[in-house]
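This report concerns only the one structure given below.
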Amino acid sequence: MSAITRGMTGDRRDIAKAMLNKVPEVTLFFWIVKILATTVGETAADFLATNLNLGLTTTSLIMAGLLAVVLTVQFRTRRYVPSVYWLAVVLISIVGTLITDNLVDNFGVSLVTTTVVFAAALAATFAAWYAKERTLSIHTIVTSRREGFYWLAILFTFALGTAAGDLVAEGFALGFGVSALMFGALIGVITLSYYKFGTNAVLAFWIAYILTRPLGASIGDLLSQPTSAGGLGLGTTVTSGLFLTTILAVVIGFSRSEKHRQPAESDTDAQAAAA
């Protein structure tokens, strides 16, 4: 074995020993919780800012602080921990929503502009990530740098999804129900293209991930907004509580399954990274 080969093998073994993959397996439950989290991001932001009268600025500062704390814990873990990971997703969903709401409501930036800006920011993040790591696969989040790119991309997907969802539902006056059906149909098309026509898995994942945000936002608005605004009138309190409870139940199920699955996966992941 050459010195270069030994060095490369050693580096991969070091990575495998240092950190296991930090994100969950992409299953049906992953997508269910993701959509639930995006819905909570929309309704919880409205609940905190409006129902509790905290206002956008105060709510944004509080949630950004909480997100920073949880992400610090997430970065310090050596493997995927369901409770920490999904709490980070819920919080980053709320923060992403608040970023867009601040730009639109406090600074008067149009939904078209915010959609374009966040789309460009997300594209730039993906470009930098790929330039550094040569992959955008979430199955290889085994270094802190990759994890940093991952969470930055997640933040921009939520901000972009909020802007795009509001633009379609309100800016184009299609309504929350039609907007939800439209984004759901687009996700269905991506799913079909992956399973039927072999669309690249990484590309299909990220397109679907981006689309789940406006889908969740539209569902959240449909359920929580008053009937006079085209919603079902459940309110942000009921909607947020319902979806948070469901997320908690599913994540507890995740955590229990991880206890049985993690040891075997850890050995497999380490062997694959060191191969």
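Heads up, the Cβ atoms here are built off N, Cα and C, so glycines get one too.
Predicted automatically and left uncurated, TrEMBL annotations should be read as such.
Listed in TrEMBL:
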TRANSMEM  20-40  transmembrane segment
TRANSMEM  52-73  transmembrane segment
TRANSMEM  80-100  transmembrane segment
TRANSMEM  106-129  transmembrane segment
TRANSMEM  149-168  transmembrane segment
TRANSMEM  174-195  transmembrane segment
TRANSMEM  202-220  transmembrane segment
TRANSMEM  232-254  transmembrane segment
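Within the chain, the transmembrane segment (20-40) has long-range Cβ neighbours (under 8 A, six or more residues past its boundaries) at 74, 77-80, 82, 85-86, 89-90, 93-94, 138-142, 147, 150, 158, 161, 205, 208-209, 212-213, 215-217, 219-220, 223, 239-240, 243-244, 246-247, 250-251, 253-254, 265-266, 269-270. The recorded stretches the transmembrane segment (80-100) and the transmembrane segment (232-254) share 3+ CB pairs below 8 A when only pairs 6 or more apart in sequence are counted, and are therefore in contact.
Long-range contacts of the transmembrane segment (52-73) within its own chain (CB-CB distance under 8 A, at least 6 residues past either end) are made by residues 45, 84, 87-88, 91-92, 94-95, 98-99, 101-102, 105-106, 151.
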